[in-house]
Amino acid sequence: MSVLAAVVLCAGKGTRMKSEKAKVLHPILGRPLCAYPLKRALELGATSVVPVVGHQAEAVEKAVRGLFPDAPLRFALQREQRGTADAVRSAEEALKGYSGRVLILYGDVPLLRRETLEALLAAHDQAGGKLAMVTTTLEDPTGYGRVIRDGGKVTRIVEHKDCTPEQRAVRECNAGIYSVDADFLWKALAEIKPQNAQGEYYLTDLVEMAAKRGPVGSVEADATETAGVNDRVELAARARVLQQRINEAHMRAGVSLQDPATAYIEEGVTVGPDTEIGPSVTLAAGTVVGKGCTIGQGSVLHASTVADGTVIKPYSVLEEARVGERNVIGPFSRLRPGTELAEDVHLGNFVETKKARIGKGSKANHLTYLGDAVIGSGCNVGAGTITCNYDGVNKHLTELGDGVFIGSDTQLVAPVKVGDGSYVGAGTTVTKNVPPGSLAVSRTPQVTKEGWVATKKARQAKARAG
């Protein structure tokens, strides 16, 4: 395969999205639309990738650089919206001195497969001409440019409005994806004339110009694969296709999805074999789940790591958490950023953690908040325990040693330490460090008044009779 550069058109406003946000920044499975064609170009080994920006140029550039910080990006600006040919021409300066193949992609076409683009580049090499293109066959080609052939050879693209009745019967359409020789591309773009009253320049003219200089290569792709996004209905439709692809890939790799139609799994998620994922689970980008895990119904994992053999019970939420092997989490647990759990940890219903490191075999099974905490191994934290970590200005650390037992309804007022093997009685407010092997109790002594209820009722009856 020849040396490759790529131009990705990201300048459009996307008026039909009815949004203040640039169209290519609208998310599809957790990533902006434009991330998908950009990723494809990089997968193919493009040595220069030129996103052409226009509408909200700074926002688009910032987003793309954030997604691909180490990529060979060279941004180009289309100052006015004057058609696709003008947009590509905006990239000429960014590719000055380059003489290889230029792959032209659209920032709002997220479903193109790598294999299709590899076939396009191979078709370009095989044809030996100036240009190769992707075509697609549509049941209803109304509105699309038709691929006109002569003896099987591509000769030009005719827009629907300009087609003769015979040409309108053609169902092979232009998908708008091209591989073009750079030297030909820049010269041909300079020759293209505006096609309408708005002074717009269209790339489709390139095909006829290339056909006059040699054979035009072509490869056919499924219509779903080449479909763009113009409004939010189409955005949702493309997302469904992409989600199905992702879910099927996981299942073929040994992952069980109880209800593939409701499992929301973004790109950039890794799941090990023999893991079972329940209905309506969300696995966001950056999440890694080991083998033999169970992710229960309605659970949400954002950029979290779950080691082998762990069970996440239904409706638990993990955000940038690190979970060790054989943990049992939930139901209804929330692990916030900075949570790190060792092996065999149990966190039960309505337990919330934040910046908490919890050692091997420790348990907090009910109604507990553990924030800014370091908890040793083999600890038991009773129901209703709270680390009081915030004084109104600063956060403070709570430390529990190994083998600590914390009774129910305990408040640990940070900064505070409870030493190895210590016990804290139920209902205690711990404000001072507890030495190893100690018992800390701060409850008010119980007072029992026998016969008090009868005395109270008699007094109330007398008052009513008054």
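Quick reminder: no glycine exception, Cβ is built from N, Cα and C everywhere.
Annotation comment: Swiss-Prot describes 1-232 as region 'Pyrophosphorylase', evidence class sequence analysis.
Its own atom aside, the Cβ of Asn380 (UDP-N-acetyl-alpha-D-glucosamine binding site) has 17 Cβ atoms within 10 angstroms in the protein chains shown. Taken residue by residue with DSSP, Asn380 (UDP-N-acetyl-alpha-D-glucosamine binding site) is part of a strand. Residues annotated as UDP-N-acetyl-alpha-D-glucosamine binding site in Swiss-Prot, with sequence analysis given as evidence: Lys23, Gln78, 83-84, 106-108, Gly145, Glu159, Asn174, Asn230, Arg336, Lys354, Tyr369, Asn380.
According to Swiss-Prot, the feature Mg(2+) binding site maps to Asp108, Asn230. Asn230 (UDP-N-acetyl-alpha-D-glucosamine binding site): 15 other CB atoms within 10 A of its CB, across all protein chains.
The feature region 'Linker' is assigned by Swiss-Prot to 233-253. Summed and averaged per residue, pLDDT over the region 'Linker' (233-253) gives 98.
If you look up Swiss-Prot, you'll see 254-466 marked as region 'N-acetyltransferase', on the strength of sequence analysis.
Counting only same-chain residues six or more apart in sequence, the Cβ atoms lying under 8 angstroms from the Cβ of His366 (active site, proton acceptor) belong to Gly348, Asn349, Phe350, Val351, Gly382, Ala383, Gly384. The active site, proton acceptor annotation in Swiss-Prot covers His366, and the record cites sequence analysis as its basis.
Taken residue by residue with DSSP, Asn389 (acetyl-CoA binding site) is part of neither helix nor strand, so it is coil. Within 10 Å of the C-beta of Asn389 (acetyl-CoA binding site) we count 23 further C-beta atoms, all protein chains included. Swiss-Prot lists Ala383, Asn389, Tyr390, Ser408, Ala426, Arg443 with the feature acetyl-CoA binding site, giving sequence analysis as the kind of evidence.
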Distance from Arg443 (acetyl-CoA binding site) back to Asn380 (UDP-N-acetyl-alpha-D-glucosamine binding site), taken between C-alpha atoms, in Å: 20
Least buried by Cβ count (within 10 Å) of the binding-site residues Gly83, Asp108, Lys354, Ser408: Ser408
Nearest of the binding-site residues (Tyr390, Ser408, Ala426) to Gly83 (UDP-N-acetyl-alpha-D-glucosamine binding site) - Cα to Cα: Tyr390
Which listed residue (Lys23, Arg443) has most other Cβ within 10 Å, given these are binding-site residues: Lys23
Which listed residue (Tyr106, Tyr390) has most other Cβ within 10 Å, given these are binding-site residues: Tyr106
